[in-house]
Amino acid sequence: MAKDIEASAPEGGEFSAKDYTDPPPAPLIDVEELTKWSLYRAVIAEFIATLLFLYITVATVIGYKHQSDATVNTTDAACSGVGILGIAWAFGGMIFILVYCTAGISGGHINPAVTFGLFLARKVSLIRAVLYIIAQCLGAICGVGLVKGFQSSYYARYGGGANELSDGYSKGTGLGAEIIGTFVLVYTVFSATDPKRNARDSHIPVLAPLPIGFAVFMVHLATIPITGTGINPARSLGTAVIYNKDKAWDDQWIFWVGPLIGAAIAAAYHQYVLRASAAKLGSYRSNA
């Protein structure tokens, strides 16, 4: 384990050293973890967070499509509702809020792709990763189910918020969009939660959730026209299960394969290029 020393410059120009220590890699299988309440508390937090995330965001999508429906709102229907910008803000804003609320309990993953990337980087154990992903998928299904229950007259009519490949785009294009979008998200997660950054910015607790939420916002702006933006397999699965139409299931593999590949690339890039290269070049002083 390496213990690094980072120089910081307070007011007056004098530098003070601040130590930080990288946490040890999580064990692949930690059976003892199953006996701890903290694991189950974290799993519950992931379930509730993903439920709330899907409820708010899918309700926003359905509401926008209803407001912009020319058959319902004949006057300036195209300008009605929150628009794509508002949908992107709903997704990014909810991630910011929920990561802020759950980071100290579960790490605030709320996304199987994030959990998968952190597992590959040995940040979480296999047992925790599997339980998180199950909780996230179940939470997503329940969250979308609430939307359908509360907006039953609009839900099926406006597509149920399901991710589908838009007309005019090939499956390869959709897959590429999901890979790149998830890479941006997971890369941001690694950067925002880096131990060195946490040691430096620990007095500003919003600095981790803010860039993660903003990354989700930006990716949605870029990929909503292509796939409706997945980058979260639980989000795509939850809407497909409740909406349950052929089109949503036909493209479902894109919203699992793409995010998992993107997460794996982000994990490898951060762990074996950025962190490794910094150590080799001596960018940070080390007393280990």
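Placed from the backbone N, Cα and C atoms, the Cβ positions cover glycine too.
Since we're looking at a predicted model, the values are computed, not measured.
Listed features, source Swiss-Prot:
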type     : residues : note
REGION   : 1-21     : region 'Disordered'
TRANSMEM : 42-62    : transmembrane segment
TRANSMEM : 81-101   : transmembrane segment
TRANSMEM : 130-150  : transmembrane segment
TRANSMEM : 172-192  : transmembrane segment
TRANSMEM : 204-224  : transmembrane segment
TRANSMEM : 254-274  : transmembrane segment
Recorded stretch that, among 81-101, 130-150, 172-192, 254-274, has the most CB pairs under 8 Å to the transmembrane segment (42-62): 130-150
Dominant neighbour of the transmembrane segment (81-101) in 172-192, 204-224, 254-274, by Cβ pairs under 8 Å: 204-224
